[in-house]
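Heads up, the thing below is written out as C-alpha coordinates.
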Amino acid sequence: MERGRCMLLLMMVLIMDIDRGEGQLVEDFYSLTCPNVEALVKKAVSTKFNQTFTTIPATLRLFFHDCFVTGCDASTMVSSPNGDAEKDAPDNLSLAGDGFDTVVKAKQNVEGACPGVVSCADILAIAARDVVVLAGGPSFNVELGRRDGLVSKASLVKGNLPEPGFNLSQLNAMFARNNLSQIDMIALSGAHTLGFSHCSRFANRLYSFSSSSPVDPSLNQDYAKQLMDGCPRNVDPSIAINMDPVTPQTFDNVYFQNLVNGKGLFTSDEVLFTDPASQPTVKDFANSSSDFNGAFATAMRKLGRVRVKTGSQGSIRTDCTVINS
(Lines of atoms letter the chains of each structure in order from A and count residues from 1; the text may use other names and numbers.)
(Lines give C-alpha, C1' and ligand atoms only; values in the text may rest on other atoms or scores of the structure.)
Protein backbone atom coordinates (compact mmCIF):
# COMPACT_ATOMS: atom_id res chain seq x y z
CA MET A 1 0.00 0.00 0.00
CA GLU A 2 2.74 2.45 1.03
CA ARG A 3 4.82 1.51 -2.05
CA GLY A 4 1.83 2.16 -4.26
CA ARG A 5 1.28 5.57 -2.68
CA CYS A 6 4.93 6.54 -3.18
CA MET A 7 4.79 5.51 -6.85
CA LEU A 8 1.64 7.57 -7.33
CA LEU A 9 3.29 10.65 -5.81
CA LEU A 10 6.36 10.18 -8.00
CA MET A 11 4.21 9.93 -11.13
CA MET A 12 2.37 13.10 -10.14
CA VAL A 13 5.63 15.03 -9.76
CA LEU A 14 6.88 13.77 -13.13
CA ILE A 15 3.61 14.69 -14.84
CA MET A 16 3.72 18.19 -13.35
CA ASP A 17 7.28 18.68 -14.61
CA ILE A 18 6.28 17.61 -18.13
CA ASP A 19 3.10 19.70 -18.22
CA ARG A 20 4.69 22.85 -16.93
CA GLY A 21 7.81 22.70 -19.07
CA GLU A 22 11.41 23.53 -18.28
CA GLY A 23 12.00 26.59 -16.16
CA GLN A 24 8.38 27.24 -15.22
CA LEU A 25 7.42 27.76 -11.60
CA VAL A 26 3.95 27.83 -10.03
CA GLU A 27 2.73 28.71 -6.57
CA ASP A 28 0.83 25.45 -6.00
CA PHE A 29 3.52 23.07 -7.21
CA TYR A 30 3.29 20.91 -4.07
CA SER A 31 -0.49 21.12 -3.58
CA LEU A 32 -0.84 17.37 -4.08
CA THR A 33 2.56 16.09 -2.97
CA CYS A 34 3.36 18.23 0.09
CA PRO A 35 0.49 20.63 0.78
CA ASN A 36 1.85 21.80 4.15
CA VAL A 37 5.35 22.62 2.91
CA GLU A 38 5.12 26.36 3.59
CA ALA A 39 3.82 25.83 7.13
CA LEU A 40 6.62 23.34 7.80
CA VAL A 41 9.27 25.76 6.58
CA LYS A 42 7.73 28.68 8.48
CA LYS A 43 7.81 26.68 11.74
CA ALA A 44 11.53 25.95 11.34
CA VAL A 45 12.32 29.55 10.38
CA SER A 46 10.38 30.94 13.36
CA THR A 47 12.12 28.55 15.75
CA LYS A 48 15.54 29.57 14.42
CA PHE A 49 14.60 33.27 14.57
CA ASN A 50 13.65 32.90 18.24
CA GLN A 51 17.20 31.65 18.84
CA THR A 52 18.98 34.46 16.98
CA PHE A 53 18.03 37.53 14.93
CA THR A 54 20.92 36.79 12.57
CA THR A 55 18.61 34.19 11.02
CA ILE A 56 16.89 36.98 9.10
CA PRO A 57 19.74 38.74 7.26
CA ALA A 58 21.70 35.49 6.94
CA THR A 59 18.89 33.63 5.17
CA LEU A 60 18.00 36.54 2.91
CA ARG A 61 21.62 37.04 1.86
CA LEU A 62 22.06 33.31 1.27
CA PHE A 63 19.13 33.33 -1.17
CA PHE A 64 20.57 36.28 -3.10
CA HIS A 65 24.06 34.79 -3.33
CA ASP A 66 22.63 31.44 -4.39
CA CYS A 67 20.50 32.84 -7.21
CA PHE A 68 23.16 35.13 -8.67
CA VAL A 69 25.87 32.53 -9.22
CA THR A 70 24.33 29.52 -11.00
CA GLY A 71 20.67 30.32 -10.48
CA CYS A 72 18.30 29.56 -7.61
CA ASP A 73 19.34 25.94 -7.15
CA ALA A 74 20.69 25.70 -3.56
CA SER A 75 24.22 25.14 -4.92
CA THR A 76 25.49 27.54 -2.24
CA MET A 77 24.24 25.08 0.39
CA VAL A 78 26.65 22.34 -0.71
CA SER A 79 29.63 21.42 1.46
CA SER A 80 32.81 20.01 -0.09
CA PRO A 81 35.48 18.01 1.78
CA ASN A 82 37.98 19.65 -0.58
CA GLY A 83 36.88 23.19 0.24
CA ASP A 84 36.02 24.00 -3.37
CA ALA A 85 32.23 24.38 -3.30
CA GLU A 86 30.42 27.70 -3.89
CA LYS A 87 30.26 28.47 -0.19
CA ASP A 88 34.07 28.27 -0.05
CA ALA A 89 34.61 31.11 -2.54
CA PRO A 90 36.07 34.29 -0.99
CA ASP A 91 32.88 36.27 -1.71
CA ASN A 92 30.82 33.68 0.19
CA LEU A 93 33.00 33.18 3.25
CA SER A 94 31.11 35.96 5.06
CA LEU A 95 27.76 34.18 4.67
CA ALA A 96 26.59 33.60 8.24
CA GLY A 97 26.16 30.00 9.34
CA ASP A 98 22.69 30.75 10.71
CA GLY A 99 21.35 31.05 7.16
CA PHE A 100 22.61 27.60 6.22
CA ASP A 101 21.30 26.16 9.48
CA THR A 102 17.86 27.65 8.86
CA VAL A 103 17.55 25.82 5.55
CA VAL A 104 18.92 22.56 6.97
CA LYS A 105 16.42 22.64 9.85
CA ALA A 106 13.55 23.48 7.51
CA LYS A 107 14.55 20.64 5.19
CA GLN A 108 14.50 18.22 8.12
CA ASN A 109 10.96 19.35 8.99
CA VAL A 110 9.81 18.90 5.41
CA GLU A 111 11.53 15.53 4.93
CA GLY A 112 9.74 14.23 8.02
CA ALA A 113 6.39 14.87 6.35
CA CYS A 114 7.16 14.63 2.62
CA PRO A 115 10.36 12.63 2.06
CA GLY A 116 12.14 13.16 -1.25
CA VAL A 117 9.58 15.61 -2.64
CA VAL A 118 10.60 19.22 -1.92
CA SER A 119 13.87 20.69 -3.16
CA CYS A 120 16.31 22.61 -0.97
CA ALA A 121 16.11 25.41 -3.55
CA ASP A 122 12.37 25.80 -2.93
CA ILE A 123 12.85 25.63 0.83
CA LEU A 124 15.43 28.43 0.63
CA ALA A 125 13.04 30.54 -1.47
CA ILE A 126 10.21 30.08 1.04
CA ALA A 127 12.53 30.76 3.98
CA ALA A 128 13.76 33.99 2.36
CA ARG A 129 10.17 35.24 2.14
CA ASP A 130 9.45 34.16 5.72
CA VAL A 131 12.40 36.05 7.24
CA VAL A 132 11.33 39.24 5.45
CA VAL A 133 7.88 38.91 7.02
CA LEU A 134 9.34 38.19 10.47
CA ALA A 135 11.33 41.43 10.24
CA GLY A 136 8.19 43.43 9.43
CA GLY A 137 8.46 43.37 5.64
CA PRO A 138 5.90 42.47 2.97
CA SER A 139 4.53 39.00 2.43
CA PHE A 140 4.24 37.59 -1.09
CA ASN A 141 3.43 34.29 -2.75
CA VAL A 142 6.47 32.16 -3.58
CA GLU A 143 6.61 30.35 -6.90
CA LEU A 144 7.81 26.76 -6.56
CA GLY A 145 9.03 23.84 -8.63
CA ARG A 146 12.81 24.31 -8.59
CA ARG A 147 15.21 21.38 -8.59
CA ASP A 148 18.51 21.38 -6.73
CA GLY A 149 21.65 22.01 -8.75
CA LEU A 150 24.06 19.26 -9.70
CA VAL A 151 27.16 21.47 -9.59
CA SER A 152 28.70 23.64 -6.86
CA LYS A 153 32.11 25.15 -7.60
CA ALA A 154 33.90 28.00 -5.89
CA SER A 155 35.42 28.97 -9.24
CA LEU A 156 31.98 29.95 -10.58
CA VAL A 157 31.39 32.68 -8.00
CA LYS A 158 33.92 35.38 -8.95
CA GLY A 159 32.39 38.09 -11.11
CA ASN A 160 28.80 37.05 -10.42
CA LEU A 161 28.11 39.01 -7.23
CA PRO A 162 27.94 42.81 -6.92
CA GLU A 163 30.92 44.47 -5.26
CA PRO A 164 30.60 47.20 -2.60
CA GLY A 165 32.48 49.63 -4.87
CA PHE A 166 30.21 49.21 -7.91
CA ASN A 167 28.76 52.24 -9.66
CA LEU A 168 25.25 52.37 -11.10
CA SER A 169 26.25 51.10 -14.55
CA GLN A 170 28.03 48.10 -13.06
CA LEU A 171 25.09 47.30 -10.80
CA ASN A 172 22.60 47.57 -13.66
CA ALA A 173 24.72 45.40 -15.93
CA MET A 174 25.02 42.61 -13.36
CA PHE A 175 21.33 42.64 -12.45
CA ALA A 176 20.30 42.80 -16.11
CA ARG A 177 22.20 39.55 -16.72
CA ASN A 178 19.68 38.03 -14.32
CA ASN A 179 16.65 39.64 -15.99
CA LEU A 180 16.30 42.22 -13.22
CA SER A 181 15.63 45.89 -13.96
CA GLN A 182 17.10 48.98 -12.35
CA ILE A 183 14.02 49.30 -10.15
CA ASP A 184 14.39 45.64 -9.13
CA MET A 185 18.03 46.30 -8.28
CA ILE A 186 17.23 49.33 -6.15
CA ALA A 187 14.42 47.50 -4.36
CA LEU A 188 16.60 44.45 -3.63
CA SER A 189 19.35 46.75 -2.37
CA GLY A 190 16.79 47.74 0.26
CA ALA A 191 17.52 44.39 1.94
CA HIS A 192 20.53 46.24 3.35
CA THR A 193 18.07 47.64 5.87
CA LEU A 194 18.91 44.41 7.72
CA GLY A 195 22.15 42.78 8.77
CA PHE A 196 25.74 43.83 9.05
CA SER A 197 29.02 44.10 7.15
CA HIS A 198 32.65 43.60 8.12
CA CYS A 199 34.75 46.75 8.24
CA SER A 200 37.06 45.64 5.43
CA ARG A 201 34.20 45.92 2.93
CA PHE A 202 33.97 49.71 3.27
CA ALA A 203 37.20 50.84 5.01
CA ASN A 204 38.42 52.49 1.81
CA ARG A 205 35.60 55.04 2.14
CA LEU A 206 36.99 56.07 5.52
CA TYR A 207 40.76 56.02 5.10
CA SER A 208 41.86 55.82 1.46
CA PHE A 209 39.07 57.05 -0.81
CA SER A 210 41.27 59.27 -3.00
CA SER A 211 44.51 61.24 -2.94
CA SER A 212 42.61 64.48 -2.35
CA SER A 213 40.10 63.13 0.16
CA PRO A 214 40.81 60.11 2.40
CA VAL A 215 37.12 60.11 3.42
CA ASP A 216 34.45 59.68 0.75
CA PRO A 217 32.87 63.15 0.47
CA SER A 218 29.45 61.63 -0.19
CA LEU A 219 29.45 60.23 3.37
CA ASN A 220 27.57 62.18 6.02
CA GLN A 221 30.33 63.59 8.28
CA ASP A 222 28.72 62.42 11.52
CA TYR A 223 28.11 58.98 10.02
CA ALA A 224 31.74 58.80 8.83
CA LYS A 225 32.92 59.54 12.38
CA GLN A 226 30.54 56.88 13.74
CA LEU A 227 31.98 54.35 11.30
CA MET A 228 35.55 55.30 12.19
CA ASP A 229 34.76 54.79 15.87
CA GLY A 230 33.41 51.32 15.12
CA CYS A 231 36.05 50.47 12.53
CA PRO A 232 39.39 52.07 13.45
CA ARG A 233 42.43 51.39 11.27
CA ASN A 234 43.73 47.82 11.48
CA VAL A 235 40.58 46.72 13.29
CA ASP A 236 39.96 43.04 14.01
CA PRO A 237 38.61 41.66 10.69
CA SER A 238 35.79 39.88 12.54
CA ILE A 239 34.28 43.20 13.69
CA ALA A 240 31.03 44.05 11.91
CA ILE A 241 28.82 47.13 11.63
CA ASN A 242 25.06 47.39 11.12
CA MET A 243 24.24 48.25 7.53
CA ASP A 244 21.30 50.39 8.64
CA PRO A 245 22.47 52.60 11.54
CA VAL A 246 18.90 53.63 12.45
CA THR A 247 16.63 50.52 12.41
CA PRO A 248 18.99 47.57 11.83
CA GLN A 249 16.51 44.89 12.95
CA THR A 250 13.43 46.11 11.09
CA PHE A 251 12.59 45.64 7.43
CA ASP A 252 11.55 49.15 6.42
CA ASN A 253 12.31 51.99 4.01
CA VAL A 254 14.70 53.75 6.41
CA TYR A 255 17.58 52.39 4.31
CA PHE A 256 16.51 54.77 1.53
CA GLN A 257 16.08 57.66 3.94
CA ASN A 258 19.64 56.93 5.06
CA LEU A 259 20.86 57.21 1.46
CA VAL A 260 19.22 60.62 1.11
CA ASN A 261 21.09 61.69 4.25
CA GLY A 262 24.48 60.39 3.08
CA LYS A 263 24.37 57.30 5.29
CA GLY A 264 24.79 54.52 2.76
CA LEU A 265 27.41 52.07 4.03
CA PHE A 266 28.80 50.94 0.67
CA THR A 267 29.66 53.02 -2.37
CA SER A 268 27.17 50.79 -4.19
CA ASP A 269 24.51 51.90 -1.71
CA GLU A 270 25.15 55.65 -1.77
CA VAL A 271 25.52 55.76 -5.56
CA LEU A 272 21.83 54.90 -5.84
CA PHE A 273 21.12 58.37 -4.48
CA THR A 274 24.05 60.34 -5.90
CA ASP A 275 23.48 59.14 -9.49
CA PRO A 276 20.71 61.22 -11.12
CA ALA A 277 19.45 58.18 -13.04
CA SER A 278 18.47 56.29 -9.89
CA GLN A 279 17.87 59.14 -7.44
CA PRO A 280 14.11 59.55 -8.20
CA THR A 281 13.44 55.90 -7.29
CA VAL A 282 15.42 56.25 -4.05
CA LYS A 283 13.43 59.34 -3.13
CA ASP A 284 10.17 57.55 -3.92
CA PHE A 285 11.07 54.57 -1.75
CA ALA A 286 12.30 56.89 1.03
CA ASN A 287 8.95 58.67 1.05
CA SER A 288 6.67 55.68 0.50
CA SER A 289 7.09 52.40 2.35
CA SER A 290 4.23 50.92 0.32
CA ASP A 291 6.00 51.69 -2.97
CA PHE A 292 9.18 50.08 -1.65
CA ASN A 293 7.40 47.02 -0.25
CA GLY A 294 5.53 46.44 -3.48
CA ALA A 295 8.66 46.78 -5.59
CA PHE A 296 10.62 44.52 -3.23
CA ALA A 297 8.00 41.76 -3.37
CA THR A 298 7.95 41.94 -7.18
CA ALA A 299 11.75 41.87 -7.36
CA MET A 300 11.99 38.89 -5.00
CA ARG A 301 9.61 36.87 -7.16
CA LYS A 302 11.67 37.76 -10.24
CA LEU A 303 14.90 36.91 -8.41
CA GLY A 304 13.46 33.51 -7.57
CA ARG A 305 13.11 32.71 -11.29
CA VAL A 306 16.78 33.23 -12.12
CA ARG A 307 18.14 30.26 -14.09
CA VAL A 308 16.06 27.72 -12.16
CA LYS A 309 16.52 24.02 -12.76
CA THR A 310 13.45 21.89 -13.37
CA GLY A 311 12.89 18.31 -14.47
CA SER A 312 16.08 16.51 -15.50
CA GLN A 313 18.18 19.68 -15.06
CA GLY A 314 18.41 19.01 -11.33
CA SER A 315 17.44 16.70 -8.51
CA ILE A 316 15.78 16.63 -5.09
CA ARG A 317 18.45 16.38 -2.40
CA THR A 318 17.71 14.55 0.81
CA ASP A 319 20.57 16.43 2.46
CA CYS A 320 20.91 20.02 1.28
CA THR A 321 24.67 19.97 1.80
CA VAL A 322 25.32 16.97 -0.45
CA ILE A 323 24.76 16.73 -4.22
CA ASN A 324 22.98 13.53 -5.19
CA SER A 325 25.29 10.96 -6.75
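First residue shown is number 1, and so on along the chain.
Cβ atoms are placed via backbone N, Cα and C, with glycine included.
What TrEMBL records for Asp66, Val69, Gly71, Asp73, Ser75, Glu86 is Ca(2+) 1 binding site. Cβ neighbour count for Asp66 (Ca(2+) 1 binding site) (all protein chains, 10 Å cutoff from its Cβ): 31.
The number of other Cβ atoms within 10 Å of the Cβ belonging to Pro162 (substrate binding site), over all protein chains shown, comes to 19. Annotation source TrEMBL lists substrate binding site at Pro162.
In the shown protein chains, 18 other C-beta atoms lie within 10 A of the C-beta of Thr247 (Ca(2+) 2 binding site). Per TrEMBL, Ca(2+) 2 binding site is recorded for Thr193, Asp244, Thr247, Asp252.
Neighbour list (Cys114 (disulfide bond), Cβ cut-off 8 Å, at least 6 residues apart, same chain): Tyr30, Thr33, Cys34, Asn36, Val37. Taken from TrEMBL, the feature disulfide bond covers Cys34-Cys114 (among others).
The local packing around Cys67 (disulfide bond), expressed as other Cβ atoms within 10 Å of its Cβ over all shown chains, amounts to 28. What TrEMBL lists as disulfide bond is Cys67-Cys72 (among others).
The disulfide bond feature in TrEMBL is assigned to Cys120-Cys320 (among others). Packing around Cys120 (disulfide bond) is summarised by its Cβ count: 30 other Cβ atoms lie within 10 angstroms of its Cβ, all protein chains included.
Residues or ranges marked as disulfide bond in TrEMBL: Cys199-Cys231 (among others). Taking Cβ-Cβ distances under 8 Å and a sequence gap of 6 or more within the same chain, the neighbours of Cys199 (disulfide bond) are Gly230, Cys231, Val235, Pro237, Ile239, Ala240, Ile241.
For 24-324, the entry in TrEMBL reads domain 'Plant heme peroxidase family profile'.
According to TrEMBL, the feature site 'Transition state stabilizer' maps to Arg61. Cβ contacts within 10 Å of Arg61 (site 'Transition state stabilizer'), excluding its own Cβ and spanning all protein chains shown: 21.
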Hey, for the Ca(2+) 1 site built from Asp66, Val69, Gly71, Asp73, Ser75, Glu86, who else sits with CB inside 8 A of the CB center?
His65, Cys67, Phe68, Thr70, Cys72, Ala74, Thr76, Gly149, Ser152
Measuring Cα to Cα, how many angstrom lie between Asp244 (Ca(2+) 2 binding site) and Asp73 (Ca(2+) 1 binding site)?
29
Cα-to-Cα gap, Ser75 (Ca(2+) 1 binding site) vs Cys67 (disulfide bond), nearest whole Å:
9
I want the residues beyond Thr193, Asp244, Thr247, Asp252 whose C-beta is within 8 angstroms of the mean position of the Ca(2+) 2 site's C-beta atoms, in chain order.
Leu194, Val246, Pro248, Gln249, Thr250, Phe251, Asn253, Val254, Tyr255, Asn258
Sorted by position, what residues of the same chain at least six away from Thr193 (Ca(2+) 2 binding site) have a C-beta under 8 A from it?
Met243, Asp244, Thr247, Pro248, Thr250, Phe251, Asp252, Asn253, Val254, Tyr255
